[in-house]
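As annotated by TrEMBL, region 'Disordered' applies to 1-79. The transmembrane segment annotation in TrEMBL covers 120-142, 256-277, 314-331, 357-378, 409-427, 463-484, 504-524.
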Amino acid sequence: MVVQTRGRHKESPLKPLGAQPPPPQAAGAPQPGASPRSGRGLQQKQPGRQLSCGAGAMRKGGTGRKGAKSEPQKPSAPLAQRVRELLGLGQEGSLRGWRHGLQVFIEEKGAFIMRADSKIWFTFILAAFAGVLHWCHITTLFENDRHFSHLSTLEREMAFRTEMGLYYSYFKTIIEAPSFWNGMWMIMNDKLTEYPLVINTLKRFNLYPEVVLASWYRIYTGVMDFIGVQTKTCWTVNRGERLSPVESCEGLGDPASFYVAVIFLLNGLMMSLFFIYGTYLSGSRLGGLVTVLCYFFNHGECTRVMWTPPLRESFSYPFLVLQMLLLTYILRTPNINRGSLIALCVSNVFFMLPWQFAQFVLLTQIASLFAVYVVGYIDSLKLQKILCAHMASLALCFILMFGNSMLLTSYYAASLAVIWAHISNLLKSKFIGYKDFDTLMYTCAAEFDFMEKETPIRYTKTLLLPVVLVVFGIIIMKAIKYIVWVLSQKDLCEREDHFNHGELVYHALQLLAYTVLGILIMRLKLFLTPHLCVMASLVCSKQLFGWLFGKIQPKTLVFAILAIMAIEGSANLQKQWNIMGEFSNLPQEELLEWIKSSTRQDAVFAGAMPTMASVKLSALRPIVNHPHYEDAGLRARTKIVYSMYSRKPAKEVKRELLRLGVNYYILEESWCIRRTKPGCSMPEIWDVEEPANAGKIPLCNLMSKDPRPYFNTVFQNSIYRVLKVTRE
């Protein structure tokens with residue numbers, strides 16, 4: 001055991017070969033690209049629609065499939081002579097000619113393979129480098145912000161606040177169970193999360209990431225223990241005066257460290273996908289570079305993974321990047337193979353399983369694809385195949401989540417029946433000022449408010465928004481010209497000379513959908529900003545800017561744009577790197593230690609949603625409400641619990657709490673006066689719900705002074721007051 005004060009200190013690709021001279025052609029040998037049967041040259045197949053046009057087109061009454069007449073067949077040579085010719089044994093009687101031909105063939109084909117492979121592998125090497133760079137970046141930011149490596153186990157759990165702590169608690173349950181399957185049974189028959197109900201949390205929540213990570217952790221630690229390899233190092237950390245020392249462990253053997261390490265690795269891989277995505281969409285590795293640098297320059301607008309690793313988006317979004325890359329390939333390829341559709345289906349599943357909001361994003365994708373189909377950029381057969389992949393993935397998710405009703409009713413059903421008391425009211429609050437308790441609980445939170453006015457300004461300072469607006473404008477202009485041409489011309493042959501890139505039109509429409517989502521709900525700009533970065537890669541596209549590249553070198557243009565972006569982008573990165581902190585929440589630590597030492601194991605708690613997640617995670621006590629506010633039943637429970645911050649009579653509040661089986665209520669006095677904006681303090685929210693009580697003293701203020709006779713104070717510190725519900 002090492003005693004340590006809490007401080008910051010602790011323990012080229014192959015070059016492509018040059019072109020080789022073509023081998024000498026024997027007399028009568030078919031030339032490259034020639035058909036050995038007809039002697040005619042083969043036309044190179046181009047992506048997109050293939051139309052036969054011009055004088056050589058096949059028309060009714062033509063030759064059809066007959067082709068050119070072949071020469072009269074000559075009598076076959078004797079078998080021995082044919083064998084000698086095959087082996088290269090001519091009149092010279094040696095293998096010299098055969099060896100020379102084979103050598104030239106190998107050298108030519110080998111040079112071609114090396115050139116092709118070097119380009120592919122160079123792209124993958126650059127993608128891997130981008131992934132490692134992003135992994136290092138977010139890992140460093142997370143460590144700088146919390147000094148996570150030096151925290152105790154309890155402090156690390158407290159660092160996972162709100163719903164993050166709730167999700168992590170199920171990972172903890174599985175790894176601490178006697179066996180993996182015993183842990184699975186415990187989370188599928190959970191008695192702690194919504195007392196007194198027994199719920200299948202695998203059905204109610206999106207917990208497959210925790211299940212997978214817990215299985216990996218158990219396998220990893222089991223294998224390492226078996227071979228005798230140490231998986232973590234522990235030491236004592238002195239926290240300063242009047243604070244007791246704590247034990248801190250570092251290494252993948254520590255559950256919290258393993259958990260966040262996998263999340264950061266996944267999001268590092270996501271950056272590799274972004275590089276490949278930008279490269280493929282633009283047709284240039286410069287496009288991949290633009291995407292990655294735009295992401296870094298606007299990093300604070302793109303992701304929250306470095307501050308909140310356990311959130312569902314941290315697991316889900318990387319698979320959306322993969323899904324959209326696959327969709328781009330499908331839209332660009334004339335003939336869809338079964339493998340690409342299966343890959344699309346699998347990526348859909350991996351995107352939907354971890355996150356309850358994923359189906360809404362895919363709904364915007366289907367709407368964008370349908371619009372692309374309507375204007376004639378994809379045919380009905382391709383759209384049907386894509387829809388089949390979506391439906392198959394939806395059905396599979398429905399089965400894996402044990403019949404979760406939100407999947408079916410919120411994805412394809414136009415009415416969104418189950419959540420229409422939920423989502424529709426939220427939209428009404430955005431447009432017509434509708435207010436009730438539930439909508440105010442959402443809209444008073446900054447992440448569910450409208451997009452900040454400063455966000456477009458920040459996009460503009462890094463030049464991201466101007467570049468994307470130019471790209472978007474050119475795509476729309478070319479698409480409109482193409483549609484007008486299609487509607488005005490009868491000759492289908494001429495259409496191929498115009499803009500026919502459905503995948504680019506899809507990305508433009510998807511950008512519009514993400515923009516609407518990001519404006520309405522600020523949290524959803526995590527879809528908008530990365531997509532802006534992907535669209536920025538199209539500044540390298542020859543399909544859009546070929547007319548400009550004839551006048552100016554593409555590299556010159558791209559590096560000039562990146563140089564201007566880097567002015568503000570490097571400042572943004574420096575601001576992130578300058579964030580230094582150290583997690584500490586002594587009042588909550590005192591609360592949790594008191595709960596573990598002074599209450600029974602079956603004591604039931606109620607209180608603010610973020611605190612309840614910590615009570616369930618660290619104290620393992622039953623709770624009646626938690627931060628997963630999307631469920632209608634949970635919203636009703638939370639409304640009862642939060643009546644402590646209303647102006648109701650104490651007797652009425654006590655009666656409702658007893659009906660839920662509550663033994664202790666954790667009162668946070670700051671919630672009585674805290675307001676994120678006008679009208680958003682808890683008493684003001686209740687005034688909207690119960691205008692008849694407006695003007696009365698909030699119950700939380702009365703409980704802070706003297707909770708008797710309905711409650712008794714059993715614990716108190718600077719933040720928390722624990723009230724015991726009296727039974728008489």
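Note: Cβ is positioned from N, Cα and C throughout, glycine not excepted.
Annotations in TrEMBL come from automatic prediction, not curation.
Since this is a predicted model, take the numbers as computed values, not measurements.
The stretch from 120-142, 314-331, 463-484, 504-524 that makes the most Cβ contacts under 8 Å with the transmembrane segment (256-277) is 120-142. Among the listed stretches 120-142, 314-331, 357-378, 463-484, the one sharing the most Cβ pairs under 8 Å with the transmembrane segment (504-524) is 357-378. Listed by sequence, the residues of this chain that lie at least six past the ends of the transmembrane segment (120-142) yet keep a Cβ under 8 A from its Cβ atoms are 13, 148, 260, 264-265, 267-276, 279, 285, 288-289, 292, 295-296, 299, 303, 305-307, 309, 576-577, 579. If you look at the transmembrane segment (463-484), the same-chain residues 6 or more away from its ends with a CB under 8 A from one of its CBs are 294, 297-298, 375-377, 456, 495, 498-500, 504-505, 507-508, 511, 532-533, 535-536, 538-539, 544-545, 561, 564-565, 568.
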